[in-house]
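So that you can see what the record holds, here are the features copied from TrEMBL:
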- B:297-313: compositional bias 'Basic and acidic residues' (COMPBIAS)
- B:282-317: region 'Disordered' (REGION)
- B:352-385: region 'Disordered' (REGION)
- B:31-52: transmembrane segment (TRANSMEM)
- B:86-113: transmembrane segment (TRANSMEM)
- B:125-143: transmembrane segment (TRANSMEM)
- B:155-172: transmembrane segment (TRANSMEM)
- B:201-220: transmembrane segment (TRANSMEM)
- B:421-442: transmembrane segment (TRANSMEM)
- B:449-468: transmembrane segment (TRANSMEM)
């Protein structure tokens, strides 16, 4: 439906990411590099996943359980990737601290670390949105629109853009929660992240049923909001703790 | 809850200063300053291609592929069998690489015999020709596609002006850096868009062959590009190539000066034999301390640095150099590359359009990194004083224009298939570029910029096309995402 619609869908999926990028990430070149590398990571994990699943495609349209297994494996792999990313991040943090010492600048502060995890999450989210939503959006720039059979009330592009938005929020902010949890070794949060990811992914299975996208998409967005709220809580808590520590030490 | 409204990372706490002293602020600035123009170039090429030719893998709908050096032996047509196509593409690529190598050797010979006048004028002509003729063809195609009315005399006038300014900006030093960078990117976009019209198999095989050639030409002892780099550095002269200069402005003294070329150039005339002086900046600093008769001549250009840039004060200048070393830290993550001086003296060479691709672009591909390690020696016979405030900002990285072109050709060819491959190839190329830059900071001598990126890009293209796309498209068209 013309340029305006296509741009609109793209902005629905990527608008918040873009504003996060422009407002927070673009100011520090290092964060931009972090976004790029985490996007690359996500892409590699996706390629590995598709390599594993290539033999079983295409999936018959009725077999929803195949999709369920697909989702299980995908989420498992991606959470594994997150752990690997965390390890790499720790190593890089050491290097950065050593470098900061060498040029006699202060070490990474808590805000810096959170910014890095935000950038990492943003990379994942942007990669997801780009590969799952944007690459299919080209026909939307044309003159017509498209509905899929199971979702006859919402244009396909709108549904996929909304889902991409939900997942972008989930990926971005659950990375902050995850890094925080790995840092502080909080089991509850460490479990929270994969659970939310899995729940959100399973929620998209609802889209397979006829008319399901009208239920699935809003629920997904609710979950995204939940992630956001949890992350807000975690971040505030951590920062106030940090401030207290600093006050006590001063 | 509005996701966009609440960022969970609150504004920095009161006692933590915002960003002034954090390590995150400045790290990676130079790398980004190179990656941004590469990204912009690729984006523009993708845009052009998707605008001008329908993204179909067959070229039947588009214009017939140009008769170029890359299709001398075999011109691919959609009806041939894969084996035939492969063989033909290999032959084409071999011929092309041989041509490029021959031309590079000719360039080296010309440079060796100091035919700088000829080279310079030839490059001027080439720049003009590329922008005017090839750029004009692209503009015409775009206008036709958009059905935008523009009469011929106006178009000619505008093109001519654009091309003239382009020629000026590429060579003269008194041009704002942004204009020059813009024209470099424009040149790369034009050449890449033109090259993308090659048939598919030929493109891929040619890219791989060029990557291998670049590797050999830069690293092998007798490689033409290595000889060129050594010649240039032994003469303390600019490389005769078209390079993109990135100039991150870190310090308060941004290069508002018009002497954009003088960044990082310190003119030094030591009493020792200058012909032998090689190596990195830091070597020279040590040399300075030892060689007491060394005279460091630094011409100052105001801006409140009067205390620093006195001429012919060796002691003071040596101290200045030492301060410089501390100001500009070197780590594995940060690259301090020299700017290598004015393009006014640069014998810059552009590819000859009718010969597909010239060696200088390929040589430029590696001279990026060659320039990185160049000493600041320059027999500056120009009357332009060298700018001094560069010491406050870190040195930028230079990337040859050939790199831009071939990255964009890869991405452009990926764009002809699908957008997903475009993103995958873009990420692969950026990752390869990052790896190359990291390697550069470790190795500190000329490195080819093509091989890693092209190999990664080609790998990711085929992986995405064969593996990932059925998977992702199958999942997302059913609105099943994870």
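Just so it is clear, glycine is given a Cβ too, placed from its N, Cα and C backbone atoms.
Proximity of the transmembrane segment (B:31-52) to the transmembrane segment (B:201-220) is not established, fewer than 3 Cβ-Cβ distances being under 8 Å for residue pairs spaced 6 or more apart. Contact counts against the transmembrane segment (B:86-113), taken as Cβ pairs under 8 Å, peak for B:201-220 among the stretches B:125-143, B:201-220, B:421-442, B:449-468. The listed stretches are B:125-143, B:201-220, B:421-442; of these, B:421-442 has the most Cβ pairs under 8 Å to the transmembrane segment (B:449-468).
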